[in-house]
Amino acid sequence: MNYKLLTLALASLAAANPIERQRKIHPAVLSGGDELRNGDCQPVTFIFARASTEQGLLGGSTGPALCNRLKSALDGVACQGVGPKYQATLAANALPKGTSDEAIEEAQSLFQLAAEKCPDTQIVAGGYSQGTAVMHGAIPGLDDALKDKIKGVVLFGDTRNQQDNGQIPDFPKDKIKIYCAAGDMVCYGTLIVAAPHFSYIADVPDAADFLVSKLE
(Lines of atoms letter the chains of each structure in order from A and count residues from 1; the text may use other names and numbers.)
(Lines give C-alpha, C1' and ligand atoms only; values in the text may rest on other atoms or scores of the structure.)
Protein backbone atom coordinates (compact mmCIF):
# COMPACT_ATOMS: atom_id res chain seq x y z
CA MET A 1 0.00 0.00 0.00
CA ASN A 2 1.55 3.33 -1.07
CA TYR A 3 0.76 5.90 1.59
CA LYS A 4 2.82 8.56 -0.19
CA LEU A 5 0.70 8.07 -3.31
CA LEU A 6 -2.47 8.39 -1.24
CA THR A 7 -1.25 11.64 0.31
CA LEU A 8 -0.33 13.11 -3.07
CA ALA A 9 -3.67 12.11 -4.56
CA LEU A 10 -5.61 13.74 -1.76
CA ALA A 11 -3.50 16.87 -1.98
CA SER A 12 -4.21 17.18 -5.69
CA LEU A 13 -7.95 17.19 -4.97
CA ALA A 14 -7.86 19.67 -2.11
CA ALA A 15 -8.35 22.75 -4.27
CA ALA A 16 -11.58 21.40 -5.73
CA ASN A 17 -12.76 20.39 -2.24
CA PRO A 18 -15.28 17.74 -3.37
CA ILE A 19 -16.14 16.79 0.21
CA GLU A 20 -17.27 20.36 0.82
CA ARG A 21 -19.49 20.14 -2.26
CA GLN A 22 -21.09 17.00 -0.83
CA ARG A 23 -21.82 18.86 2.42
CA LYS A 24 -23.61 21.58 0.45
CA ILE A 25 -25.83 18.99 -1.23
CA HIS A 26 -27.01 17.61 2.12
CA PRO A 27 -26.38 20.37 4.70
CA ALA A 28 -28.94 19.19 7.25
CA VAL A 29 -27.49 17.12 10.06
CA LEU A 30 -30.25 15.83 12.32
CA SER A 31 -27.93 13.85 14.59
CA GLY A 32 -24.65 14.36 16.39
CA GLY A 33 -23.92 10.72 15.72
CA ASP A 34 -23.81 9.55 19.34
CA GLU A 35 -27.42 8.49 19.85
CA LEU A 36 -26.76 4.85 20.74
CA ARG A 37 -24.33 5.74 23.50
CA ASN A 38 -26.20 8.75 24.84
CA GLY A 39 -29.82 8.33 23.77
CA ASP A 40 -32.82 6.11 24.23
CA CYS A 41 -33.20 2.81 22.42
CA GLN A 42 -34.90 3.03 19.04
CA PRO A 43 -36.45 0.39 16.77
CA VAL A 44 -33.51 0.83 14.36
CA THR A 45 -29.85 1.54 15.15
CA PHE A 46 -27.59 2.81 12.36
CA ILE A 47 -23.83 2.41 12.92
CA PHE A 48 -21.52 4.23 10.48
CA ALA A 49 -17.76 4.63 9.98
CA ARG A 50 -16.72 7.82 8.21
CA ALA A 51 -14.02 8.47 5.59
CA SER A 52 -10.45 9.53 6.27
CA THR A 53 -10.06 13.11 7.58
CA GLU A 54 -13.81 13.66 7.96
CA GLN A 55 -14.77 15.41 11.18
CA GLY A 56 -17.51 14.38 13.61
CA LEU A 57 -18.63 10.87 14.42
CA LEU A 58 -20.69 10.53 11.22
CA GLY A 59 -18.36 12.58 9.02
CA GLY A 60 -19.52 15.35 6.70
CA SER A 61 -20.97 13.63 3.64
CA THR A 62 -22.53 10.19 3.18
CA GLY A 63 -22.82 9.48 6.92
CA PRO A 64 -25.11 12.34 7.95
CA ALA A 65 -26.96 12.22 4.62
CA LEU A 66 -27.80 8.55 5.12
CA CYS A 67 -28.74 9.13 8.75
CA ASN A 68 -31.10 11.91 7.67
CA ARG A 69 -32.63 9.75 4.95
CA LEU A 70 -33.28 6.87 7.35
CA LYS A 71 -34.82 9.20 9.92
CA SER A 72 -37.12 10.59 7.24
CA ALA A 73 -38.18 7.11 6.09
CA LEU A 74 -38.62 5.43 9.48
CA ASP A 75 -40.03 6.17 12.91
CA GLY A 76 -37.28 5.77 15.46
CA VAL A 77 -33.67 5.62 14.26
CA ALA A 78 -30.60 6.07 16.46
CA CYS A 79 -27.54 7.15 14.46
CA GLN A 80 -24.14 6.24 15.89
CA GLY A 81 -20.76 7.00 14.36
CA VAL A 82 -17.60 5.05 15.12
CA GLY A 83 -15.23 7.17 17.23
CA PRO A 84 -13.40 8.72 19.01
CA LYS A 85 -10.88 5.85 19.05
CA TYR A 86 -11.40 5.62 15.30
CA GLN A 87 -9.57 8.78 14.26
CA ALA A 88 -9.90 8.35 10.47
CA THR A 89 -6.26 9.29 9.83
CA LEU A 90 -4.73 9.02 6.38
CA ALA A 91 -1.89 6.87 7.67
CA ALA A 92 -4.25 4.13 8.86
CA ASN A 93 -5.21 3.36 5.24
CA ALA A 94 -1.74 1.87 4.74
CA LEU A 95 -2.10 -0.63 7.59
CA PRO A 96 -2.62 -4.30 6.65
CA LYS A 97 -6.38 -4.18 7.37
CA GLY A 98 -6.86 -0.78 5.76
CA THR A 99 -7.55 0.80 9.14
CA SER A 100 -6.42 0.48 12.75
CA ASP A 101 -7.14 -2.37 15.14
CA GLU A 102 -8.48 0.25 17.57
CA ALA A 103 -11.07 1.35 15.00
CA ILE A 104 -12.18 -2.22 14.35
CA GLU A 105 -12.46 -2.99 18.05
CA GLU A 106 -14.44 0.19 18.67
CA ALA A 107 -16.90 -0.68 15.90
CA GLN A 108 -17.32 -4.16 17.37
CA SER A 109 -18.01 -2.64 20.78
CA LEU A 110 -20.76 -0.48 19.26
CA PHE A 111 -22.46 -3.48 17.65
CA GLN A 112 -22.26 -5.25 21.00
CA LEU A 113 -23.62 -2.21 22.82
CA ALA A 114 -26.59 -2.03 20.44
CA ALA A 115 -27.44 -5.68 21.10
CA GLU A 116 -27.00 -5.48 24.87
CA LYS A 117 -28.52 -2.06 25.57
CA CYS A 118 -31.33 -2.37 23.01
CA PRO A 119 -32.10 -6.08 22.53
CA ASP A 120 -35.14 -5.36 20.35
CA THR A 121 -33.42 -2.95 17.96
CA GLN A 122 -32.66 -3.87 14.36
CA ILE A 123 -29.13 -2.89 13.35
CA VAL A 124 -28.06 -1.47 9.99
CA ALA A 125 -24.59 -0.21 9.20
CA GLY A 126 -22.44 1.56 6.67
CA GLY A 127 -19.02 2.91 5.89
CA TYR A 128 -17.35 5.29 3.47
CA SER A 129 -13.75 4.97 2.22
CA GLN A 130 -11.58 3.97 5.20
CA GLY A 131 -14.83 3.42 7.08
CA THR A 132 -15.55 0.47 4.78
CA ALA A 133 -12.36 -1.19 6.04
CA VAL A 134 -13.63 -0.66 9.58
CA MET A 135 -16.77 -2.63 8.73
CA HIS A 136 -14.85 -5.32 6.83
CA GLY A 137 -12.67 -5.77 9.90
CA ALA A 138 -15.34 -5.54 12.58
CA ILE A 139 -18.28 -7.62 11.38
CA PRO A 140 -16.52 -10.97 10.74
CA GLY A 141 -15.33 -11.03 14.36
CA LEU A 142 -18.83 -10.78 15.84
CA ASP A 143 -20.63 -13.87 17.09
CA ASP A 144 -23.32 -15.40 14.88
CA ALA A 145 -26.22 -14.18 17.03
CA LEU A 146 -25.02 -10.60 16.73
CA LYS A 147 -24.43 -10.93 12.98
CA ASP A 148 -28.05 -12.05 12.67
CA LYS A 149 -29.17 -8.77 14.27
CA ILE A 150 -27.36 -6.79 11.55
CA LYS A 151 -29.98 -6.56 8.82
CA GLY A 152 -28.05 -4.68 6.16
CA VAL A 153 -24.73 -2.97 5.42
CA VAL A 154 -23.91 -0.38 2.73
CA LEU A 155 -20.34 0.46 1.73
CA PHE A 156 -19.33 3.51 -0.33
CA GLY A 157 -15.97 3.59 -2.10
CA ASP A 158 -15.00 0.24 -0.63
CA THR A 159 -11.26 0.09 0.01
CA ARG A 160 -11.49 -3.66 0.74
CA ASN A 161 -13.71 -4.55 -2.22
CA GLN A 162 -11.06 -6.39 -4.21
CA GLN A 163 -9.24 -7.88 -1.23
CA ASP A 164 -12.44 -9.45 0.16
CA ASN A 165 -13.96 -10.38 -3.23
CA GLY A 166 -16.86 -7.97 -3.08
CA GLN A 167 -18.19 -9.12 0.26
CA ILE A 168 -17.63 -8.99 4.01
CA PRO A 169 -16.10 -12.32 5.07
CA ASP A 170 -18.33 -14.65 7.08
CA PHE A 171 -21.40 -12.45 6.57
CA PRO A 172 -24.35 -13.05 4.21
CA LYS A 173 -23.69 -11.41 0.87
CA ASP A 174 -27.36 -10.59 0.34
CA LYS A 175 -27.21 -8.26 3.35
CA ILE A 176 -24.48 -6.13 1.74
CA LYS A 177 -24.59 -3.51 -1.00
CA ILE A 178 -21.28 -2.10 -2.22
CA TYR A 179 -21.13 1.16 -4.18
CA CYS A 180 -18.03 1.53 -6.38
CA ALA A 181 -18.18 4.43 -8.82
CA ALA A 182 -16.66 4.04 -12.28
CA GLY A 183 -13.05 5.17 -12.03
CA ASP A 184 -12.79 4.88 -8.25
CA MET A 185 -9.48 3.05 -7.98
CA VAL A 186 -9.70 2.38 -4.24
CA CYS A 187 -12.26 -0.30 -5.08
CA TYR A 188 -9.59 -2.18 -7.03
CA GLY A 189 -6.88 -2.65 -4.44
CA THR A 190 -5.06 0.67 -4.73
CA LEU A 191 -4.79 3.82 -2.64
CA ILE A 192 -5.19 6.08 -5.67
CA VAL A 193 -7.85 8.64 -4.79
CA ALA A 194 -9.51 10.39 -7.74
CA ALA A 195 -12.64 12.47 -8.23
CA PRO A 196 -15.07 9.51 -8.50
CA HIS A 197 -14.25 8.62 -4.89
CA PHE A 198 -16.16 11.73 -3.83
CA SER A 199 -19.34 11.03 -5.81
CA TYR A 200 -21.20 8.75 -3.39
CA ILE A 201 -23.65 11.30 -2.03
CA ALA A 202 -25.69 10.49 -5.15
CA ASP A 203 -26.03 6.87 -3.98
CA VAL A 204 -27.47 7.72 -0.56
CA PRO A 205 -31.17 7.45 -1.59
CA ASP A 206 -30.64 3.99 -3.07
CA ALA A 207 -28.57 2.92 -0.05
CA ALA A 208 -31.31 4.04 2.32
CA ASP A 209 -33.92 2.15 0.31
CA PHE A 210 -31.75 -0.97 0.46
CA LEU A 211 -31.37 -0.78 4.24
CA VAL A 212 -35.08 -0.13 4.76
CA SER A 213 -35.91 -3.13 2.55
CA LYS A 214 -33.88 -5.39 4.84
CA LEU A 215 -35.77 -4.50 8.01
CA GLU A 216 -38.35 -6.88 9.39
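Including glycine, each Cβ sits where the backbone N, Cα and C put it.
Keep in mind that this is a model prediction, so the values were computed, not measured.
The signal peptide annotation in Swiss-Prot covers 1-16.
Per Swiss-Prot, disulfide bond is recorded for Cys41-Cys118 (among others), and the stated evidence type is similarity to another entry. In the three-state DSSP scheme, Cys41 (disulfide bond) is classed as coil.
According to DSSP, Ser52 (site 'Transition state stabilizer') sits in a coil region rather than a helix or strand. What Swiss-Prot lists as site 'Transition state stabilizer' is Ser52 (among others).
For Cys67-Cys79 (among others), the entry in Swiss-Prot reads disulfide bond. In the three-state DSSP assignment, the secondary structure recorded for Cys79 (disulfide bond) is strand. For Cys79 (disulfide bond), other Cβ atoms within 10 Å of its Cβ number 28.
Its Cβ taken as reference, Ser129 (active site, nucleophile) is surrounded by 31 other Cβ atoms within 10 Å in the chains shown. Here Swiss-Prot flags Ser129 as active site, nucleophile, drawing on similarity to another entry.
Positions annotated as site 'Transition state stabilizer' by Swiss-Prot, on the basis of similarity to another entry: Gln130 (among others). Within 10 Å of the Cβ of Gln130 (site 'Transition state stabilizer') there are 28 other Cβ atoms, across all protein chains.
In the three-state DSSP scheme, Cys187 (disulfide bond) is classed as helix. Taken from Swiss-Prot, the feature disulfide bond covers Cys180-Cys187 (among others).
Within 10 Å of the C-beta atom of Asp184 (active site) sit 25 other C-beta atoms, taking all shown protein chains into account. According to Swiss-Prot, the feature active site maps to Asp184, an assignment based on similarity to another entry.
Sequence annotations record features per position, and here Swiss-Prot assigns active site, proton donor/acceptor to His197. A sphere of 10 angstroms centred on the C-beta of His197 (active site, proton donor/acceptor) encloses 26 other C-beta atoms. Under the DSSP three-state reduction, His197 (active site, proton donor/acceptor) is assigned to helix.
Closest in space to His197 (active site, proton donor/acceptor), of the recorded positions given as Ser129, Asp184, Cys187, is Asp184, taking the CA atom of each residue. The Cβ neighbour count for Ser52 (site 'Transition state stabilizer'), using a 10 Å radius and every protein chain shown, is 22. Ranked by Cα separation from Cys118 (disulfide bond), the recorded positions Cys67, Ser129, Gln130, Cys180, Asp184 are led by Cys67.
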